[in-house]
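*Asks:* Before I ask anything, here is the structure I am working with.
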């Protein structure tokens, strides 16, 4: 059944005392987890425990943290409103996730894990130079703080729409509690609160979907209304027009670059899987989170479709009941569940949980960057106690910055578009910078710096120009608007054209500004890689034999898996992938099989050298292991020989292996 429109906000129920109790309980539990981890174990007295949990965390909570880290209020509020206004096209982001995650697992993850670093930007110094490391770090910090402010703004909008608490107070409450438990309990508190909050997120999302389908009249009705309104059209829209908001190509290709920039090179996510004891466990974490991600995107997408069925005769944004599309979920919650004490609170805390998990992960990662990329560079001999104190202080400082910027973000609308566009503007070039170092061994530091600068300039020009020239929130697609004929003729918004023949008149705007926000990431990454390669070739390329093979991946050789081995070796471009030195602290020496760093049968020798430089040396194996092509699940034959001589221990593994 369709909704019977309310005449004003006075007719919409607000939070009851039971809802406030539920919300306060959730915030108290989150704070309690932080206090618990701050008072137990090592009591977060070292930077290693505060930032990485002493690299001894467990698979399940880390997997849940990786999943919840970017299933934020952007997801819970933005995707339903996106589907409500423009259809199901965004659901295709699930396919891009399925493509990107294997790339992260088999390419990016082994490189960062083998380096045993805390900050991903250490890679840039090892591969290029320290100034480039600092340059990229500054861009990442700026990007992350603004994004976290957007995420903090989301639940504050939701709560202010259904309670008497003003938006500014909501921002202060959520931001302060999140900063508190992150600075007290460190990464352990972040990961376990993420696990707790992920449960609340799924509970709230499933509740809203079930109630919405019930009020519309069943799943068949939801599907029928979606088909008649054209909300499934983008699922098979193969247009190559970059100005089309959502097509199969823009969502899948743009989504792949987006997820690579998050799970491949984003400090917040990389830091999570570096906290696990072995590479195999880190890889398993991402595989574990894959079904949960698809489930959440599917739930929120269908929720937006059900919202269309519920509000199809009177759009609340047109009516003036809400200020931005992202407030439609809390409005629906209060209209349908407001008479049941406690239930609206359960739904709203799901939104809060999404925000808290992302902010806590982001603040903790920024603290890691501050310690590793600033403090230790300026003063390498910091004491253990000083490192822990600086990490806590940094967490508090970055939390306060996010709170302050959230007030600025509150003046903007369209959470999902703004957040993803922002990530594309900066994360795309950042991904291109790392890709230049990993996949193109001839790239030098000059080329990387110029390419990164040009990529940033390009995406910021396009993204900011489009934001200034276009509407402040996503406009409805022709033929998919909500009919206002059922609205009471009281007050309407004259600035929001919810009419069926709406046409965006942007003829005077440069076509580049009309590019879909999903193309910002690919544009920035491709520009960075291309310019970096060209400048490097013009200024004196880096020779492959001068590159540490731990810092690169033989992409071209692995893509040419059907060619003879001698030709594929030429595609190494001189990088000695058959001799790799790896930190032996990694408890799984056969991880080289999964990393694809070597392409022939090898003998892995773990050598404990005089401190402080222990290493694993990989050299070509004996002829008894011929070179063959095979898939990733290559057969491993281990033969252990232990010999002790003085202070040197040696353990050899003969490994029959092939390229990915």
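Keep in mind that glycine also has a Cβ here, set from the backbone N, Cα and C atoms.
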*Asks:* Between 392-412, 476-496, which stretch does TrEMBL give the note transmembrane segment?
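*Replies:* It is 392-412 that TrEMBL annotates as transmembrane segment.
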*Asks:* Against which stretches of its own chain does the transmembrane segment (134-153) lie, if we need a Cβ under 8 Å and a gap of at least six residues from its ends?
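*Replies:* Contacts of the transmembrane segment (134-153) (Cβ under 8 Å, skipping residues fewer than 6 from its ends): 72-74, 119, 121, 124, 171, 174-175, 178, 267-268, 354-355, 358-359, 362-363, 365-366, 369, 373, 398, 401-406, 408-410, 415, 418-419, 422-423, 425-427, 429-430, 433, 449, 452, 456.
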*Asks:* Could you check if the transmembrane segment (517-540) is in contact with the transmembrane segment (247-265), meaning 3+ Cβ pairs under 8 Å among residue pairs at least 6 apart in sequence?
*Replies:* yes
*Asks:* When you scan the chain for residues with a C-beta under 8 Å from the transmembrane segment (346-371), skipping those not six or more beyond its ends, what do you find?
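*Replies:* Distal contacts: 15, 19, 22-23, 26-27, 30, 47, 50-51, 65, 68-77, 118-119, 121, 137, 140-141, 144-145, 147-148, 151-152, 154-155, 158-159, 162, 174-175, 177-179, 181-183, 186-187, 189-190, 193-194, 196-198, 200-205, 207-208, 266-269, 271-272, 329-330, 333, 337, 387, 390-392, 394-395, 398-399, 402.
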*Asks:* Between the transmembrane segment (392-412) and the transmembrane segment (165-184), are there at least three Cβ pairs closer than 8 Å, leaving out pairs fewer than 6 positions apart?
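*Replies:* Yes, since the transmembrane segment (392-412) and the transmembrane segment (165-184) share at least 3 Cβ pairs closer than 8 Å, they count as touching.
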*Asks:* Do the transmembrane segment (90-113) and the transmembrane segment (247-265) come together with 3 or more C-beta pairs under 8 Å, pairs six or more apart in sequence?
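*Replies:* Yes, the stretches contact each other.
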